[in-house]
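Participant: The structure's right below; bear with me while I get my questions together.
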Amino acid sequence: MNATEMENVSIRRLDSSDPRFAQALREVLAFEAGEDEAIDRAVAQILADVKDRGDAAVLEYTQRFDRVEAASMGALEISQSELEAALEDLEPKRRAALEAAAARVRAYHEKQKIECGSHSWEYTEADGTMLGQKVTPLDRVGIYVPGGKAAYPSSVLMNAIPARVAGVKEIIMVVPTPGGVRNELVLAAAQIAGVDRVFTIGGAQAVGALAYGTATLPQVDKIVGPGNAYVAAAKRRVFGTVGIDMIAGPSEILVICDGTTDPDWVAMDLFSQAEHDELAQSILLCPDADYIAQVEASIQRQLDSMPRREVIAASISGRGALIKVRDMEEACEIANAIAPEHLEISAENPRQWSEKIRHAGAIFLGRYTSESLGDYCAGPNHVLPTSRTARFSSPLGVYDFQKRSSLIEVSEGGAQMLGQIAAELAYGEGLQAHARSAEYRFKRS
């Protein structure tokens with residue numbers, strides 16, 4: 001065996017007809033993100049320091065963790081001219097791809113804004129009372145973008161563009177630059193997406209600066225974007241002071257296949273999430289045992305050609321599974337129990353089966369719809385709920401950068417009717433001032 005070759009990777013094989021299947025599936029899905037106490041203590045100290053000392057603390061932590069020394073926070077801000085230069089210097093083909101992806105993401109979220117209740121509304125009752133809802137964008141949003149090897153320009157587009165479409169007045173991006181090395185593609189993406197300010201800071205100190213504000217970096221209303229364990233712990237701690245998008249877990253893909261798709265395609269789709277990190281999860285549900293064997297053979301055959309094969313192998317063997325189901329109906333039932341981040345329905349009639357899906361972050365229909373298209377350029381957002389949170393949460397969208405205020409304008413006639421109802425209920429709750437506040441308006445009319 002060559003030094004570059006790997007032994008066959010071990011993959012769980014489950015069968016839904018096995019009496020122990022439910023327990024085996026729970027074991028596959030088991031993942032406790034947990035909170036590392038050492039990380040949490042360190043993050044708490046960093047956040048308190050940033051809240052207390054502002055810019056000075058951020059500068060110190062940036063020097064300590066990223067090995068970037070700066071005399072002031074201003075020196076860590078990237079100018080608009082530098083962002084423009086990053087875009088201009090891109091290789092034409094790469095720039096065209098980035099701009100095409102941005103255009104599609106923007107078009108999708110513009111449509112989402114129209115269709116998802118993003119406009120104010122009101123109605124008037126017979127007595128002249130007006131009721132409604134006012135929709136307003138957030139004033140200022142912070143976007144966290146990972147730096148170093150995990151720098152993803154696609155994440156810039158997916159986080160910044162819906163904020164811009166929502167009407168957010170100011171978008172501030174933070175991105176660490178370990179050793180002072182900047183990712184020009186990330187900066188170019190910021191320029192395309194319409195980011196207003198970019199600071200080369202990261203970690204818990206960047207989250208603290210966004211959440212509390214400093215003399216240089218103003219406080220934001222919400223922080224979105226992925227990060228490492230320190231960033232996740234910091235976001236969890238500042239929630240309430242500011243809003244956050246979510247605490248994301250490892251990437252997930254679940255493929256439901258009827259056995260009609262090229263097994264090499266399905267194997268590579270499973271790899272597409274497994275290559276993210278060792279804790280990523282890739283699962284296949286299929287009623288055809290022979291087809292499952294073909295996919296497994298393809299996994300073994302293709303693995304050696306993958307640059308990130310060690311990561312893929314660890315992910316597939318540690319958290320992956322190939323599951324034989326009775327039929328496609330049962331596959332959909334199991335998919336709803338798993339509530340995956342990404343769900344591919346690779347079948348002859350994907351729409352038929354998608355009707356049975358209730359819980360998934362994103363649903364990819366048909367054999368030509370690879371999950372990777374959704375990651376980069378299809379248009380819908382790739383920031384999706386993980387760890388079964390798709391049961392109760394949604395992809396990042398325009399709605400995450402808006403808030404809603406109730407509108408109530410009661411007419412004189414309305415005060416007579418509503419006041420009596422409110423007063424009666426208030427007396428029942430023992431709240432005299434509530435009752436009298438309503439009574440004054442109908443007794444004096």
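Every residue, even glycine, has its Cβ placed from backbone N, Cα and C.
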Participant: According to Swiss-Prot, Ser251, Gln273, His276, Asp375, Glu429, His434 bind substrate; identify which of His342, His359 is listed for that same site.
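Facilitator: According to Swiss-Prot, the candidate sharing the substrate site with Ser251, Gln273, His276, Asp375, Glu429, His434 is His342.
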Participant: Given the recorded positions His276, His342, His434, which one has the fewest other C-beta atoms within 10 angstroms of its C-beta?
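Facilitator: Lowest Cβ count within 10 Å among the recorded positions (His276, His342, His434) is His434.
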Participant: Cβ within 8 angstroms of the Cβ centroid of Tyr144, Gln205, Asn228: which residues besides those meet this for the NAD(+) site?
Facilitator: Pro146, Val174, Pro176, Gly202, Gly203, Ala204, Ala206, Val207, Gly227, Tyr230, Val231, Ala234
Participant: Here are some recorded positions: Glu341, Asp375. Which one has the most Cβ atoms within 10 Å of its Cβ?
Facilitator: Glu341
Participant: Distance between Asn228 (NAD(+) binding site) and Glu341 (active site, proton acceptor) at the Cα atoms, whole Å?
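Facilitator: So the alpha carbons of Asn228 (NAD(+) binding site) and Glu341 (active site, proton acceptor) sit roughly 18 Å from each other.
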